[in-house]
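Per TrEMBL, the features are:
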- 60-345: domain 'Gcp-like' (DOMAIN)
- 148, 152, 339: Fe cation binding site (BINDING)
- 171, 172, 173, 174, 175, 204, 217, 221, 311: substrate binding site (BINDING)
């Protein structure tokens, strides 16, 4: 009987952690006169930590560090999950300490911790997630598991004031291509998704076939500057349909078949021309759906997010599109396009403002969707 009572008491204590953490957060907010959120990102091949505060009702970066693993994975032509996880384990603690020191913030001043919950590589996600939960437990403050895709979107709110609602956001990265309509800050509708490969994934795969290196997006963009974007005729999937979805597998297959056919004929492949033609085809496979959504939903603003949003041709085409439809355009700076903890902190900031936090029993999800 005593064992049962003891177990019940432990369960009740665990169940009330969120309430106790929120009370402690309110106390620290009063003492600090500011919000201090420690955010962690370890979903793939970047280890990152950031301290986010609030200014005029918006998230603001105090300190931010990113350690890339690109060199460790380049020789393999892509990310090796085991290597990524081990590297995160080596870096996460010193990076947390360094980020707090740069911010001039002690762990006893933190008002919340946040970490990427997914999508991503399970082993990699667990490193940041466990660290964030452990610190939240030790300091008795709220913990937030943040959707990686939401983080990319909210990176824009770190640098742009008064983004108009409703807005339309195209999120393009190595694992995702999503078109999302936001009627309010945390109320959204996913209009379209990729039906197969993501845009960034297509860049990586074609870059590997052309032996341009990893990551594929920057490698192809660099090579494309030397080529003719009209040299090779390539398909644009779904551009004429009424859907908001995307598809890149057909385009990828067309490029692979082109390479094979040219090799069979003994022809030399102009890598620059093919890169330029492929890049143009990817961008032009995105724009029709976005323009269709602009006409049908009449947003006030257009946002771009995700690693592929660093592509200069995509940014240029978005500028032309918003000028044509007289919309405001918000682009993340290049250093916030790729995976980083600041964007996770920004998303966590708005989750906290809406009264949301998570129990420490929450787990990572590799295939988490918005």
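Even glycines carry a Cβ here, placed using N, Cα and C.
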Closest of 173, 175, 217, 311 to residue 152 (Fe cation binding site), Cα positions, binding-site residues only: 173
Cβ neighbour count within 10 Å of residue 152 (Fe cation binding site): 31
148, 152, 339 excluded, remaining Cβ within 8 Å of their centroid (Fe cation): 41, 43, 116, 149, 151, 173, 306, 307, 340, 343, 344
Coarse DSSP state, helix versus strand versus coil, of residue 171 (substrate binding site): strand
Most distant Cα pair in Å, residues 171, 172, 173, 174, 175, 204, 217, 221, 311 binding substrate: 18
Densest Cβ neighbourhood among 175, 217 (binding-site residues), 10 Å radius: 217
For residue 339 (Fe cation binding site): intrachain residues, at least 6 apart, with Cβ closer than 8 Å: 41, 43, 44, 45, 46, 48, 66, 148, 307
In the chain carrying residue 173 (substrate binding site), residues 6 or more apart in sequence that have Cβ under 8 angstroms from it: 149, 152, 198, 199, 200, 306, 307, 308
Same chain, 6+ residues apart, C-beta under 8 Å of the C-beta of residue 171 (substrate binding site), given in sequence order: 149, 152, 153, 177, 178, 179, 180, 305, 306
For residue 311 (substrate binding site), nearby residues of its own chain (Cβ under 8 Å, 6 or more apart in sequence): 217, 221, 279, 283
Cβ atoms near residue 148 (Fe cation binding site) (within 10 Å, other residues, all chains): 26
